[in-house]
Amino acid sequence: MPTHSLNQKRSLLYPSIDNGSVPDSSFLSQSFRDTNDIHLLSARLASVEVDPETLPSNSPETNDDVSNYDYMSISSYQRAHSLASTSRNDFNYRPSEINETRPLLPEREEHSSQLPPAQNQVLPFQSLNAPSKKLRGRISLSKIYQFFFDDKGPILFILNIPAVIIGLLLNILDALSYGLILFPISDPLFKNLGADGLAIYYVSCVVSQLVYSLGGSFFKGSVGSEMIEVIPFFHQIAFTILNRVGEDNPKSVIATTILAYCLSSILTGLVFFILGILRLGRLIEFFPRHILLGCIGGVGSFLVLTAVEVSSRLEGSVSFNWASLSALFQPMTFAKWSIPLFLSSALEFAQQRWPHPFLIPSFFVIAPAIFYVLVWAIPGMSLEYLRETGWVFSSTETNVPWYHFYSLFSLRDTDWSALLATVPEMCALTFFGILHVPINVPALAISLGLDFVDTDKELIAHGVSNTLSGAVGSIQNYMTYTNSLMFIRSGGNNRLAGIMLALATVALLVIGPGIIAYIPVWTVGCLIYLLGIELLKESLWDPIGITTKIEYFTICAIVFTMTVVDFVVGIVIGIIMACVFFVIQASSRSALRGIYSGGIVRSTVRRPMNQQRFLNEIGRQIQVCKLSGFLFFGTINGVEKNIAGLIEELNVSNNPLRFLIIDFSLVNGADFSVVQAFLRIRRMLATMNVQLCVCGLDETRSSFKTLTTMCFGGDDNCGCQVFEDVNSSLEYCENMLLDDYDVYRTKLLHKAGYSHTLAVPGKHKQNISMAETFSPSPRHDLLRQVAMSSVKAETKELSKFEKYAKYEQPFPLLMQVFGEITTKREDFWLGLCPFFKKAFLRKGDLLWRKGDTPSKLVILETGMVKASYQMDRESLSENITCLCVVGELPFFSKTCYNATVVAELDSAVWILDREGWETMLKSSDKAEVIENEMLYLTLKMTRDKFNVFTNFALNLYR
């Protein structure tokens, strides 16, 4: 029965190692501990090429007895010399500092402080105007003066007047657009609340303007106003309360409605404040942009319908039925709502053709003036007649003081059950309101050329302004992008200008809403039309060609639902559709990043030539499946189908799969459905006798813990092996193939009469019995065929190696390493042997560090060394087994070592140092031939190594 566990195989290969000496900490740590065993197996498999009985010691300096070496456990060499007692041709190696006991941070050295006194230093990010400890808490009048006047003095009052006029005009226009329709004035119950809506709007503007201008906002000239997108939610709240309370109790309806408005502002402010305090400003950016566009489109359609209602002066709201449509197309009514629609469309076209910031304000200043000139010029036309016919607002609607809306509050008349029924609308209003700050703040910063703005600070400012606004009986507000940009560019980029604008707005509030009685209805309708058209254009026209078809369909669905059904329902449907389409899109992208053959992608272990030749042929039995992204029910089924298809395809091609490696290094997480899928995959592979190896699992993640425990851990794991990285997985699979190859190779060489050539006697007794138990199968037939092909190529050189065995080292070693690739005869290499010196390395001994001057190259006779390549962000290690050369490219090219090399096991090595190399060239009359041959061999070996690293990096690390 084959051994599936690496610890079980280790007990057969190395009986002297106690598997229970290391305490278990977790399943993954147990599997990672097998990595050292994999390296031992790589070294043992490579050491097959060295026969201690036929390859005697090299020189009288090192009278090494071969019997001192225990080849069953390479880590237990008995050496005659330590490196501390070598001759001048040997090198002093220091114990490696790269081990488990080395601290991550060096010990802090004590130095005398040479720094100047702390009070004379300016610390980073420390304000130059920060008060000293003695003056902390005092209010400096000079700083207040600097805060408001910016070193310009009292003349700043005069300089700010144009900007204040522009800001005040914008507030008036917004009041007519937003404030006048704060309540659904088309309904008879709310018909007379237009003036109160204006007053509430102005109070909200004043509160937000004071908060921003007194230091709440980073922008000195920011302008606060009501958010037009909240109007539909306010109307929804009003109608919800009206339906719950009934039309027969108007006082309770109005009291409950206005209280709900204030509570929604407080709720919005608290959410803003909490997000800012917790520094979660970027959290809002994760909300899908196309859902926001759909909501904006829904608001735009609502504003268009509201403009029709306000302009037509019909009782009730516009409905999609025959009675409402027939009333709208009465001649006089049609003229009332079609004229502002035509003007707003023409104004939108003009704005696209001539995008000047003062175009719209100028129109709404000049157009009413022209209107009144025409009224005065037309005989028989009077203002009272226009009010009676609905062309100008009635004076009865505005004959109230500005503070009248406070009289509408009444806790006694408030219907608390109806108020609770509006909580969903409040939450939707809050949710929609907080989406605009992370959009407007960066947009304004870019327009003003500012590099950095603290969004969290702006959220806190919005939290304060909205909470205060709700506390004083007003509604939501935010920093408007358009108004702020026009105000700043008009010269209002200072905090004094914001204070002056707030005071001017207070004056406008105190004057009262009587001015409304002189405003044409079509002016307000044109404003509302213009806003609605712009929002519809932003949501339905601008995304064409930018968004995907699915996203655009979602936008249209949200707009339609908000227009026909309900605003809250529209938002919910949009979120549901976004989630569904996200699952569909995520499922369409395969989580399987790629499938790579082990014949192309190899581990970074440097092995002898014949083993590399064998792995190039048999490596197809190893397949690496690299996964990426988040694994969930939508993607894991595709992975399962691909794995089943891969196995079937390889079986049909007479190249059956033996090892499947699944790499999780690029996987972010997994849900529970993935666990069930991998249980099925594991059972399928076990049925087909395919070894499953997984790597890259992050034990710190809860989803991976569940996956590891249920699928790859426990006693019933179907022989699954877990490794730290894909390199260790590949090394393990290659070692298993090489271990079987070693068995076939020994038997084939024995039949061919080479039983004592290069094999170690008595080493494979256990393995032969294990190999003989293999049942005939296509994968083992392929293994035998490749082994026979490799051994056939190898036997061509075996007769030479038998001849070389009678020579002293390092000549046999040099011929084994370079014999297959060199173009020179034996006498060439015999002449080089005296310049190589033998040395012994203990485990952990340091050969050289990265960046050191290249002073030697090393040929491994036994054991293994590890080369660590450390880049800026990534690191890669290469295990180098015996019969391999180390450091040849830096040595001959005279460039610094590019890796740190440490003895991974006790090793016997042959060293050619710089002094020996130069002596070799000086003492030979064929120095140029020697140099060219060594450079040729170096380039050839580097090419093979480069191919391995390139395939590994491009396929598995991309």
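We count from 1, first residue shown onward.
From the backbone N, Cα and C atoms, a Cβ is placed for every residue, glycine too.
Taken straight from Swiss-Prot:
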type     : residues : note
DOMAIN   : 612-733  : domain 'STAS'
TRANSMEM : 153-173  : transmembrane segment
TRANSMEM : 199-219  : transmembrane segment
TRANSMEM : 258-278  : transmembrane segment
TRANSMEM : 291-311  : transmembrane segment
TRANSMEM : 327-347  : transmembrane segment
TRANSMEM : 358-378  : transmembrane segment
TRANSMEM : 499-519  : transmembrane segment
TRANSMEM : 521-541  : transmembrane segment
TRANSMEM : 543-563  : transmembrane segment
TRANSMEM : 564-584  : transmembrane segment
TRANSMEM : 627-647  : transmembrane segment
TRANSMEM : 659-679  : transmembrane segment
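Ranked by the number of CB pairs under 8 Å to the transmembrane segment (564-584), the listed stretches 291-311, 358-378, 627-647, 659-679 are led by 291-311. Beyond its flanks by at least six residues, the transmembrane segment (153-173) meets 202, 205, 221, 223, 225, 358, 360-361, 364-365, 483, 486-488, 490-492, 494, 496-497, 500-501, 504-505, 508, 527 of its own chain at Cβ-Cβ distances under 8 Å. Through the fold, the transmembrane segment (627-647) approaches residues 583-584, 586-587, 589-593, 595, 657, 660, 662-664, 666-671, 673-674, 677-678, 680-681, 684-685, 688, 690 of its own chain, all at least 6 residues removed from its boundaries and within a Cβ separation under 8 Å. Per-stretch counts of Cβ pairs under 8 Å to the transmembrane segment (358-378) identify 521-541 as the leading one among 199-219, 521-541, 659-679.
Counting Cβ pairs under 8 Å to the transmembrane segment (327-347), the stretch among 199-219, 291-311, 521-541 with the most such contacts is 521-541. Helix, strand and coil content of the domain 'STAS' (612-733), in residues and according to DSSP, is 62 helix, 30 strand, 30 coil. The stretches the transmembrane segment (291-311) and the transmembrane segment (521-541) are in mutual contact, each linked to the other by at least three Cβ pairs under 8 Å (pairs 6 or more apart in sequence).
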